[in-house]
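As recorded in TrEMBL, the features of this protein are as follows:
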type	residues	note
TRANSMEM	57-85	transmembrane segment
TRANSMEM	106-132	transmembrane segment
TRANSMEM	152-178	transmembrane segment
TRANSMEM	222-244	transmembrane segment
TRANSMEM	256-274	transmembrane segment
TRANSMEM	286-306	transmembrane segment
TRANSMEM	312-329	transmembrane segment
TRANSMEM	349-369	transmembrane segment
TRANSMEM	435-464	transmembrane segment
TRANSMEM	485-511	transmembrane segment
TRANSMEM	517-537	transmembrane segment
DOMAIN	681-742	domain 'CBS'
Amino acid sequence: MSTNHQPLLYSQRSTVNSSSQVAIVGANVSPIESLDYEIFENEFFKQDWRSRGKVQIFQYILGKWLLCLIIGLIVSLIGFCNNLAVENLAGIKFVVTSNMMLERRFLLAFFVFFASNLSLTLFSSIITALIAPTATGSGIPEVKAYLNGVDAPGIFTLRTLFVKIIGSITAVSSSLLIGKAGPMVHTGACVASLLGQGGSKRYGLTWKWLRFFKNDRDRRDLIICGSAAGMAAAFRSPVGGVLFSLEEMASWWRSALMWRAFFTAATVAIMLRAMIDVCLSGKCGLFGKGGLIMFDAYSASISYHIGDVPPVFVLAIIGGILGSLYNFLLNKVLRIYNFINTKGTIYKIVLACLISIITSFLLFGLPWFTSCRPCPADATEPCPSIGRSGNYKKFQCPPDHYNDLASLIFNTNDDAIRNLLSKNTNDEFEFSSMLIFFMTCFFLSILSYGVVVPAGLFVPVIVTGASYGRFVGMLVGKRSNLNHGLYAVLGAASFLGGSMRSTVSLCVIILELTNNLLLLPLIMMVLLVSKTVADAFNANIYDLIMKAKGFPYLETHAEPYMRQLTVGDVVMGPLQIFNGFEKVRNIVFVLKTTGHNGFPVTDVPPVSEAPVLFGIILRNHLLVLLKKKAFQCTPTEISNDALKKFSAEDFAKKGPSKREKIEDIQLTDEEMDMFIDLHPFTNASPYTVVETMSLGKALTLFREVGLRHLLVVPKISGRSPVVGILTRHDFMSEHILGLYPLLVRSKWKRLRFQLPCV
């Protein structure tokens, strides 16, 4: 049926062949399954929709919009509290450290800085490793794989949501060079998934009106809206959040979903604006301009000419190369970290603490190697800065002097970005300081991402790219009309394009952050050039992580060698088929001895004149029939009285903790010899393809419709009514090239001879 493809990050290899693939979910290796995005139309589903009146249909439509509103409200509240906590936790740490530096108590200041960073990292790593390892990392690769049809267990549980929020707050506050955008996207997806499950029977929280959403398709749509809300809350960028979900996250999209995602993101933007207004009155502690901000450093008119384009073009090219190098190094580091993580939980925690120690030593020690600069006479803010934020950190400098590198390091990432993007600051930073800061951000962000804490990549990439852009601006100097802050914006765009490879969504996010449409032409050019250059070297960072983790992600395009093969060339056995009237003993035996989740149902004489394919039935539905004991003594049609024992809700999608197992069902010998009429419970209209269809064409059908099973039927009648079943694992290149290794050689030969002719 399918092969067992191990993740690249997994060092051990199993010899067991199963229909369930394994992948690294969070920090653990887990079995994964596919999702049923195509609605399973058995008789109960059809009857349920036929029985719905106008009130139920209105309730279904209204429920979708109401859920989007609730998702927006909850995610905006979480995003605000997240930033409030980070700004205050990190703010207290920086204030205490700065006060000790002012008193010339340098050793004690380092101890406070070191101990607070280590404590916060230790707390975050412990709760992540012990409570919810699925909260590790940004969560975007897992959510992206889910929206492609891969069911990674545990990524949307209440436990994961809790650890994602608390762990992200403490990890970001610990000065690790990580971001909160990725965790916020995952948080929004968790909120949407939990709401779509209809509550919890365990805690007595159930809502009958949510029963309409107990299927993978509606949950997928809600999770897309939740992802858009998470990105909107992270950057206060509602339009950018919607476009990010469209361009980067979702594998299927339609206009109705666009409206709901936009409504959800708009709700987030309105709520954040209202809550930020409350903080402007000084009621949020140290939470001021940091966090949920817009880097509106360029609200004034910007003047640039055609002569400014060549250096920006070169900046984009180098940014694309650096972005692809960043992805390459991060991929290698993740492999090393996985080798360490497989040794046990204590190794994961020790690794996180080790990175925290290295980070603290570098961040506190590097400013000592830079010289102090006199405060500018026309400074728009106090110099040196006293307290948490500011462009002029005193550090170890004498009165009326500041340390430019400390001004970037001894701030939160949001404040560092604001300092880099500030206008009229061409003389604020030294050349050497900017080079040191760029190299530090580049390597620390790579080392920090793979540890067992919730960590995002967006903000570290923006910080690294902004420092790279300002460094280029310093090299160009007065030969350009663009100031260094504008070069920082373009550098951040080039690095994002080189690493993330998105274009439209990143362009809008940057524009919403900088609050100036005059930057649009330059940002568009930088993103297009950097993405094109980086695509020549490797894939975007999230695709690389998904591949390394082992998620069977289906791309939008078919590989050229798939056109040379037919579906009959890759379909695997053994094929398990049920008759329309099947003995209970046979069903139990098949369910216990296979891991398959879909089984063809056929009718044979005397039920039909010749063997014919009736449809397909799912494992979960068979478990429901066995649990409710819908048995008959003879192979006859099930009576109407027996059908009344079931409802459409019995076959609805269960939550991750409610899934039935065949081992939990106890049957007597007498019951094992009885029969089940599978016809009313079977999807009688499954998608089928003939065995001679090209594999590339079948992949297009499989992905566009969102299938889990694709039945293969024979070209010539008279044979078995079904040849096999295609699942997403059968479309994976590892499986295909493992069956036909000569295709690897022909693939490169074809590229070598045909590429110049394209």
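Every residue, even glycine, has its Cβ placed from backbone N, Cα and C.
In TrEMBL, annotation is done automatically, which means it is predicted and not curated.
By the Cβ criterion (under 8 Å, sequence separation of 6 or more), the transmembrane segment (152-178) is in contact with the transmembrane segment (57-85), since 3+ such pairs are found. Between the transmembrane segment (256-274) and the stretches 57-85, 222-244, 349-369, 517-537, Cβ pairs under 8 Å are most numerous for 222-244. The transmembrane segment (222-244) makes contact with the transmembrane segment (485-511): 3 or more of their CB pairs lie within 8 A, with pairs spaced 6 or more apart in sequence.
Residues 298, 301-302, 304, 309, 312-313, 315-317, 319-321, 323-325, 327-328, 486, 489-490, 493-499, 501-503, 506-507, 510-511 of the same chain sit 6 or more residues outside the transmembrane segment (517-537) yet have a Cβ under 8 Å from a Cβ within it. Highest Cβ contact count with the transmembrane segment (106-132) among the listed stretches 312-329, 435-464, 485-511 falls to 435-464 (criterion: pairs under 8 Å). Beyond the transmembrane segment (57-85), the same-chain residues lying 6 or more positions past its ends with a Cβ under 8 Å from any Cβ of the stretch are 165, 168-169, 173, 180, 184, 187-188, 191-192, 195-196, 209-210, 212-213, 218, 221-222, 225-226, 229-230, 232-234, 260-261, 263-268, 271-272, 275-276, 279, 284-285, 287, 290-292. The transmembrane segment (349-369) shares more Cβ pairs under 8 Å with 435-464 than with any other stretch in the list 312-329, 435-464, 485-511. Across the domain 'CBS' (681-742), the DSSP tally of helix, strand and coil residues reads 24 helix, 12 strand, 26 coil.
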